[in-house]
């Protein structure tokens with residue numbers, strides 16, 4: 001094991017020339033990032049998850065009820081042993097042939113069976129109250145960590161000049177505020193990695209899971225190699241859009257449609273400006289060019305940049321969905337009300353698997369409407385990017 005670890009943490013791979021792990025050892029005069037510091041992220045991730053549970057139950061839920069957010073879930077399907085067996089053991093979306101067979105077996109018309117399966121699928125969907133509580137937790141966390149990041153970064157020279165990210169490397173002491181910022185962000189992403197399996201299911205689950213894995217790897221290795229300054233810039237840049245997104249969702253669940261629409265437009269603008277404008281011109285520019293100029297070439301440099309570029313591809317993907325949502329919403333608005341959070345279903349990134357289906361049309365023939373983050377990322381996809389909603393009263 002010692003040999004494997006020595007091979008994995010090879011200095012010539014992870015560090016620039018003339019820099020060794022000994023240079024990053026803490027001394028009495030200065031503390032530097034240590035790999036063992038990151039073990040704290042696991043108990044902290046559990047603590048964040050428990051705080052979330054308490055927050056949703058004792059703060060978010062009373063707020064939701066006070067705002068008259070719908071607490072009841074979808075209407076339940078009437079008990080039927082045969083249909084239940086088909087639903088649980090065979091398929092949740094029977095095709096026309098199976099529908100006809102069940103119709104003859106039960107002496108029900110096909111439309112009634114379609115309605116039963118739709119209601120049964122809806123039973124597994126979270127209530128609007130549950131979605132509001134999750135969004136309020138994320139809104140509160142993102143607002144807190146973004147505010148903390150801004151207060152920390154405005155005192156640092158690298159906020160105004162990204163070349164300062166590499167000035168004096170590797171002898172950049174670990175400041176307590178930076179240490180706390182990194183551990184909180186890493187712990188939060190670890191908590192998302194695990195809670196994603198029990199959270200509201202979203203159709204961009206795979207994309208968001210990829211995003212969380214890339215984020216955890218980037219945070220971990222940038223901390224261990226003391227490339228933390230650019231990491232703090234990346235944190236702050238990514239958190240700002242998520243605040244507006246979660247606020248838009250909460251307004252949507254409260255049926256404050258004008259506020260929800262305004263927040264959605266604000267989110268779209270902030271997301272596109274920060275992820276497609278500032279991120280490549282600010283973050284990627286300094287890691288691809290300024291870092292190379294300051295420290296030279298070393299293999300880990302390209303590992304970090306490949307991961308950062310993967311994030312940029314995800315930004316493009318989500319921006320495409322956001323623009324598509326806005327376009328379809330505006331197109332629909334020509335004949336009716338502008339409603340970006342209810343225009344669409346299966347095309348959007350932020351769709352839950354719980355989106356409503358048209359009651360009168362078999363699934364095999366359904367024409368889904370356009371989309372509506374985040375990142376994450378349904379009502380909460382892509383973290384979720386593109387707030388969820390359908391044309392029904394569920395949202």
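Quick reminder: no glycine exception, Cβ is built from N, Cα and C everywhere.
Here TrEMBL flags 38-55 (among others) as transmembrane segment. Same-chain neighbours of the transmembrane segment (38-55): 136-137, 140-141, 183-184, 186-188, 190-191, 194-195, 220, 223-224, counting only residues six or more beyond its ends whose CB sits under 8 Å from a CB of the stretch.
Residues in the domain 'Homeobox' (83-127) partition by DSSP class (helix H, G, I; strand E, B; coil) as 32 helix, 0 strand, 13 coil. Marked as domain 'Homeobox' by TrEMBL: 83-127.
TrEMBL lists 85-128 with the feature DNA-binding region.
The annotation domain 'TLC' is assigned in TrEMBL to 130-331.
The transmembrane segment annotation in TrEMBL covers 180-198 (among others).
Here TrEMBL flags 205-224 (among others) as transmembrane segment.
If you look up TrEMBL, you'll see 262-282 (among others) marked as transmembrane segment.
Residues or ranges marked as transmembrane segment by TrEMBL: 302-323 (among others).
Residues or ranges marked as region 'Disordered' by TrEMBL: 349-395.
Per TrEMBL, compositional bias 'Low complexity' is recorded for 372-384.
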### Query
Hey, which bits of the same chain come close to the transmembrane segment (180-198), Cβ under 8 Å, at least six residues off its ends?
33, 37-38, 40-42, 44-49, 52, 141, 145, 148-149, 152, 205, 208-209, 212-213, 215-216, 219-220, 223, 228, 231-232, 235, 376
